[in-house]
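Per TrEMBL, these features apply:
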BINDING   B:CYS82, B:CYS87, B:CYS123, B:CYS127  [2Fe-2S] cluster binding site
Amino acid sequence: MLEIEIDGKKLTVPQGSTIMDAAHSVGTYIPHFCYHKKLSIAANCRMCLVEVEKAPKPLPACATPVTDGMRVHTHSDLAVKAQQGVMEFLLINHPLDCPICDQGGECQLQDIAVGYGGGSSRYQEEKRSVPGKDMGPLVSAEEMSRCIHCTRCVRFTEEIGGFQEIGMANRGEFSEILPFLGKTVDSEISGNVIDLCPVGALTSKPFRYSARSWELSRRKSVAPHDGLGSNLIVQVYNHKVMRVLPLENEAINECWLSDRDRFSYEALNSDARLTRPMIKHDGKWHETDWQTALDYVVKGLTGVSAQHGKDAIGVLAGAGATTEELYLLQKLARAFGVNNIDHRLRQRDFAADEGQTGALWLGSTIAEMASANAVLVVGSTQRHEQPLLAARLRQAVKKGAELNLIHVADDELLTRVNAKLIVAPQALADGLAQVLKAVAELKGASANLDLSGVTVYDEARRIAESLVRAETASVVLGSVAQHSPVFSQLLAIGGEIARLSGAHFGVFSEAANSVGAQFVGALPRRGFAGAAVTAGLNAAEMIAAPRKAYVLWGVEPEADCHDGQAAVAAMKAAETVIAFTAFKGDGLLDYADVLLPTAPFTETAGSFVNMEGKLQTFNGVVRPLGETRPGWKVLRVLGNLLSLQGFEQNTVEDVRAEFVGPFGDGAAKLSNAVSGVALDKPAVTGLVRVGEVPMYHVDAIVRRAPSLQATVHAKAPVASANPAVLAAAGLADGELAVVRQGACEVRVPVKADAGLPEGVLRLAAAHPATVGLGGLFDPIELKRG
Amino acid sequence: MLSAESLAKIDREVAKYPADQKRSATMSALRIAQQEKGWLATETIEFVANYLGIPPVAAYEVATFYNMYDLKPVGKHKLTVCTNLPCALSGGYDAADYLKQKLGIDFGETSADGRFTLVEGECMGACGDAPVMLLNNHSMCSFMTREAIDKKLAELE
């Protein structure tokens, strides 16, 4: 520890701290632009110059390590004069366009200019002007004359994003910030450069010129598109969400936000919103009031149950719904006598259901996973499924963690990978079993699974060595693993690896409330808090054996189910489909009979349980649009109309109180343990589809966010396959091919990708271009188009 | 994109640095590419970047920072005249003006017949020989009086 003095305040700081760190620790503010706590030190803006005694000239606080006995003055005449001088230089070329600048009111340059700038400029010469750049549909770089060359954006893409997409070209007064000529900024977390930019050079394209920052109220919320549960500040003007910013939470999203969470809000104000209840009569839709619509729902449900029995009703819930909604939904279904309820719509393999005792979760806190010495990620596209976690793992690798993979494709993760096994989806379990066998050998222990048929290859042994060698390790299953036909085996094997090696084991929760949905019992075989219930049908069974009536809670079956084709067929065959939704989707308009507008996360109070089991509550930030109602209120009234017990809650807190007690701190109800699963490699002949859900098609909200849909990540998918697979089908890279699953044929261009295993065709699901196809990991045909 | 010969030269430069620091060879690789192609087109820069496994924009930063990399096509002979202080005091501007008048082009321009490009240069570290001129990035011409310029141009005819 070093003893230093800042502005007369004595303090001790650890060796290696900078003056900036020391000043922050005692709450002394030093003006700065290029310094950012999460980025490397550039020391190129010079705004943080301070006086250090015995140093001949002012020193930059961000880049000067403290030495014992150092005496620093941040507001002495010398320091202030230096800072004023820097400010004068920074303003020389900065346009005086604050009144029309989007950053006005939240601009660091503006703020610091008030403190350190002159009243007028001595500079009489011509200012330089810099042409605007095209950085893609999310980040606007139209007014690059405003740039002060702090290079925060450059360092962000390189250090956090993993690939330098922005650079500083030319030199001296000709320096310009730009993406490579003709390229856009395509990182899945690119929006963070908008927050980082201390001036109005990089601004939010969707938000531009729509409001002034001081007109907006800031309200807290939680991100609804992945299981991370990023904390949000939703900015609201006149009961409309104007933009979304990250709320710093070091344990979850640090100070970042993925583009998906940042720009999805556009859909909330779109024309695609359902604003009034609608009922279909004789094939035509009619707007109606809530009373009529709910009566219609009651009549539908009682009618079907009287005629075909309660078992003829199936409830499919989206895991992006709030915990309160899911709790009431399962309570209502079970009180009414319906046991067919599930939220795991994209899951294929439910064999572990019976031997499961708690909610599947990450197995550790997010911070614990990110600080593990070795991580094995099984079946996850990472960057697309969990953009911020992928960035966090990248940071972990930089700090020395070993990242190991078992996956169905050799994707670019923009980080160093220690060892990887690339296998077909049905062989994921065999890959993980190899690791288990190697771990057992290394530990000299035996696994409680029959591993006699498993041959351990070198790469699996390297993964096992990495896990065994590490002081702390994590094994995690991603969405591809969860949707794969061998999910239950992966759970069993992963659990054994964790037991033998001492690693944490868990899953990356796919949706915002996957953990909450399991906890409150939106499951066919476990009720609220794990209570025993009469077993119902799971999501796949409800589709495979079509029901007479479906209740859809925030679900668009064609895009949200494992087999969209079969799901739509089941909906069309049903007597009645009751959809609670925020959007009037084309699919729902086609096969539903009644649409009830329920509020998205910004318009209702509620809570999400993230993948580390943390319950995060939030309030509605805007008034529900039109006749939209918060979901929990709708369910409460529906409970009353159906004359069911236990629907007397008056506030969302009343609902929450019913499940928050048993939930406690969450830990006791979380478990990734399974029993009674045997290893069995599914026999597959022919080509198998690898159907991931694209980043910007995961749920109804992002599918309707125009700016996200304009990015390269939302482009119509291509079918990629190993060159050998294409050659066998007589296709060349770039040609148009016909792919077929069941009754649906789609024409897509093919792409050769040597990183894919043989026997698979990778074709994304949930996109309008492929939405009619069948199961995500089912057989698929490929032929010349 | 680049000839096998150029790639072999780049490989030789890459071999001078640790295997995980191929980025260090960016300047040499760009120089070799420019020698073969005459100038650095965007595609050339991207090719070099991909060859070295660095982001294209990182190579572009380097290519735009140093003024001996040409980002536009240049004439057969590129003449770089130093106008920094020692040269300027010893007639650097005169030399430049004389060249401009003689070739009929300004700094940064290429003569209509595509034979000469005139560039304003920075100190080349030979102030004792001022004014100096650099021919095609590689050959230094000292004491560029009008007569010396005439003689040099005649050699290049």
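Numbers run from 1 along the shown chain.
Cβ atoms are placed via backbone N, Cα and C, with glycine included.
What you see is a predicted model, and the numbers here were worked out from it, not measured in a lab.
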**Asked** Helix, strand or coil: which one is B:CYS123 ([2Fe-2S] cluster binding site) in, per DSSP?
**Response** coil
**Prompt:** Taking the centroid of the Cβ atoms of B:CYS82, B:CYS87, B:CYS123, B:CYS127 ([2Fe-2S] cluster site), which other same-chain residues have Cβ within 8 Å of it?
**Reply:** B:THR83, B:ASN84, B:LEU85, B:PRO86, B:ALA88, B:GLY92, B:GLU122, B:MET124, B:GLY125, B:ALA126, B:ALA130, B:PRO131, B:VAL132
**Prompt:** B:CYS87 ([2Fe-2S] cluster binding site) has how many other Cβ neighbours within 10 Å of its own Cβ?
**Reply:** 26
**Asked** Should B:CYS82 ([2Fe-2S] cluster binding site) be counted as helix, strand, or coil on the basis of DSSP?
**Response** strand
**Complete:** Within 10 A of the CB of B:CYS82 ([2Fe-2S] cluster binding site), the number of other CB atoms across every chain shown is 27
**Item:** Cβ contacts of B:CYS127 ([2Fe-2S] cluster binding site) (under 8 Å, same chain, 6 or more positions away)
**Value:** B:PRO86, B:CYS87
**Fill in**
Note: in the chain of B:CYS123 ([2Fe-2S] cluster binding site), residues six or more apart in sequence with C-beta under 8 angstroms of its C-beta are B:CYS82, B:ASN84, B:PRO86, B:CYS87
